[in-house]
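Structure, as structure tokens:
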Amino acid sequence: MFKWTLPAAFAAAGTGLAATPAFAQSLDDQVNQIFAVSTGWFVTLIFSNFPGTAFPWIVAWLVIGATVFTLYFGFVQFRVIRHSIALVKGDYSDPKNAGEVSHFQALATALSGTVGLGNIAGVAVAIGIGGPGATFWMILAGLMGMASKFTECTLGVKYRNEYADGRVSGGPMYYLTKGFAERGLPGGKILAVLFSIFCILGALGGGNMFQANQAHQQITGVVGQYPGWITGLVFAGLVFAVIVGGIKSIAKVTEKVVPFMGILYVGTALIIIAMNYHLVGWALSQIFVGAFTGLGVAGGMVGALIQGFKRAAFSNEAGVGSAAIAHSAVKTNEPITEGFVSLLEPFIDTVIVCTMTALVIIITQQLVTDPATGLYLLNEAGNAVRTIGDTSGVGLTSAAFGSAISWFPYVLALAVVLFAFSTMITWSYYGLKAWTYLFGEGERKELVFKVIFCVFVVIGAAAQLEPVIDFSDAAIFAMAVVNIIGLYFLMPIVKRELESYVERLKSGEIKKFA
Amino acid sequence: MLEKFVVGYDGSETARRALDFAVARATVQNGSIVLVHVLEWSPYSFLTPTELEERHMRRRQEMERAEAAVMAPVIKELTAQGVNVTPVMRYGKTADILCAVAREESAVQIFVGREGHSALEARLFGSVAGALVQTAPVPCTIVP
């Protein structure tokens, strides 16, 4: 769901500082400039590279976090995955609790917030720049990210708030506050407040403006150019109807169509792969060889690695803390079970969906190779692999699917728009929870946030506000900085829960119902 | 021993006919009625984050509403007639729940009305009566 032109952030931040005559400025330019000047430093800080490399430290932060959790919990993601699937199927759900939130429902809702542009456009960028080898590193990062999700979602359920009227809400702001207090650690409240601020900004930006912006671009790609505010108003109207008007039917339609679109996307990818089954072995060898040699891409092996890690982190949000908010409403007496279920999320998002996109792009041979050496050729700028028709991002994915099934780009455009809408609905909720944590609950206060959210939909679709969107993306990753610090301090609590549960599962104390 | 008759009841007219039919049999055979109201629910449906948050609260409200609007009046009426009746309210798929209750209560028969659904819906997704015919652990009476 994230932007794939980070260098543009720095370019925009730079141009924003340059003085231009005031009379020549449109409103967009003015907004751009104000934002760039006041927030450019923050974007630069979050997305800055390690000295002398093109490796953003925030990506290393997420990957190191995922590795620490993977080792600390003894590769929990591989040990429990069968139990995770049994939990999602409902084998361990008490029939008496029918009508409450099931594991499946919590997982599906969290997934609808993460599956989206990251899987379709982000992967294309990774392969366009890092070559097929990026896929290997992306999958590896996805597998590690499962442990981060497991940690944060277990804590999300364990420290959720259950109100007298029966509502349930949870997330990093609650486990940072309550968990730190329980362990007698200082600073939980500060981390929670910081997390909430970043979460609101991230919700308005990456979870809203960016989505509206990309949806508009997809629609104009199919029907031709028209002003963005029209898309913005339609989207804002729909979002308003769902989050303020409580119009269930729109939400219901989206929530039903989005999973269908996801299945259609993966299904179509599988069909294209099956149509070219004789190339599967070759594609896999390209992925493995490319992962360790780069096969001629810019930056070689390291270039492939950075791209793979980056896109996995940007796509599945493991470590960001957002999913813990959605997962915490599940009905269970064992918080750890939701951790088990949530670790399927990066698996589905990255290891399955992202890999499908990657395989289709590789197998349909969108990347141009030198027939003599077998290495990939670079484009004229020398910063990415040359592609047939010079496509990149969502255009590359679209071209790859379109080369096999000519009408699929239209379906893809529709899918992107729907994914964008469902991501907006989910992130409006994440933002709202952070908002009520800071300002307290109450219909008036909540309405203020919801109206602000809808206004930002219009702004996002109407304007090319690069610095604004980059700033908001930076805010989402700032959430990960705060969240993972918290997770390091709270992971012993999760370990206790894990050991106790596994023991009871082995002894037969925890039984299947079905 | 009292013979138990399970009746699927959703407050509709056809359900009422099924209930009356079952009550007539129960009175003759000195049996009792297990009145089952099912709130259709699938754990595999898709909900928005707000729906997740409010699910526990809504479930309680739905139960209260069903109790007040569907079950309470008919229970009161039957009790006044001297019929021995036990109310059951559950979430799930109607046919599955009716079969489960019949097993738990060791009932001898299940009574349902023939379809509240439209003909098309029943054709596409199958009807409660159709499912019961295939899966019920005890004889079924389907009242038109």
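Placed from the backbone N, Cα and C atoms, the Cβ positions cover glycine too.
The model shown is predicted, which means the values in this text are computed figures rather than measured ones.
These come from TrEMBL:
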| type | residues | note |
| --- | --- | --- |
| SIGNAL | A:1-24 | signal peptide |
| TRANSMEM | A:34-50 | transmembrane segment |
| TRANSMEM | A:57-75 | transmembrane segment |
| TRANSMEM | A:120-140 | transmembrane segment |
| TRANSMEM | A:188-206 | transmembrane segment |
| TRANSMEM | A:226-245 | transmembrane segment |
| TRANSMEM | A:257-277 | transmembrane segment |
| TRANSMEM | A:283-306 | transmembrane segment |
| TRANSMEM | A:347-368 | transmembrane segment |
| TRANSMEM | A:407-427 | transmembrane segment |
| TRANSMEM | A:447-465 | transmembrane segment |
| TRANSMEM | A:471-491 | transmembrane segment |
How about long-range neighbours of the transmembrane segment (A:471-491): same chain, 6 or more residues beyond its ends, C-beta under 8 Å?
2-3, 9, 35, 39, 42-43, 45-47, 58, 61-62, 65, 68-69, 72-73, 148, 151-152, 155, 172, 175-176, 179-180, 183, 185, 188, 191, 194-195, 198-199, 201-202, 204-210, 317, 319-322
Would you say the transmembrane segment (A:283-306) and the transmembrane segment (A:226-245) are in contact under the rule of three or more C-beta pairs closer than 8 Å, pairs 6 or more apart in sequence?
no
Contact call for the transmembrane segment (A:347-368) and the transmembrane segment (A:188-206): at least 3 Cβ pairs under 8 Å, seq gap 6+:
no
Would you kindly list the residues that approach the transmembrane segment (A:447-465) from elsewhere in its chain, counting only those six or more residues past its ends and only Cβ-Cβ distances under 8 Å?
28, 31-32, 35, 200, 203-204, 208-213, 215-216, 227-229, 231-233, 235-236, 239-240, 243-244, 424, 428, 431-432, 435
If you count every Cβ pair below 8 Å, which range out of A:34-50, A:57-75, A:407-427 shares the most with the transmembrane segment (A:120-140)?
A:407-427
Among the recorded stretches A:188-206, A:283-306, A:407-427, which has the greatest number of Cβ pairs closer than 8 Å to the transmembrane segment (A:257-277)?
A:407-427
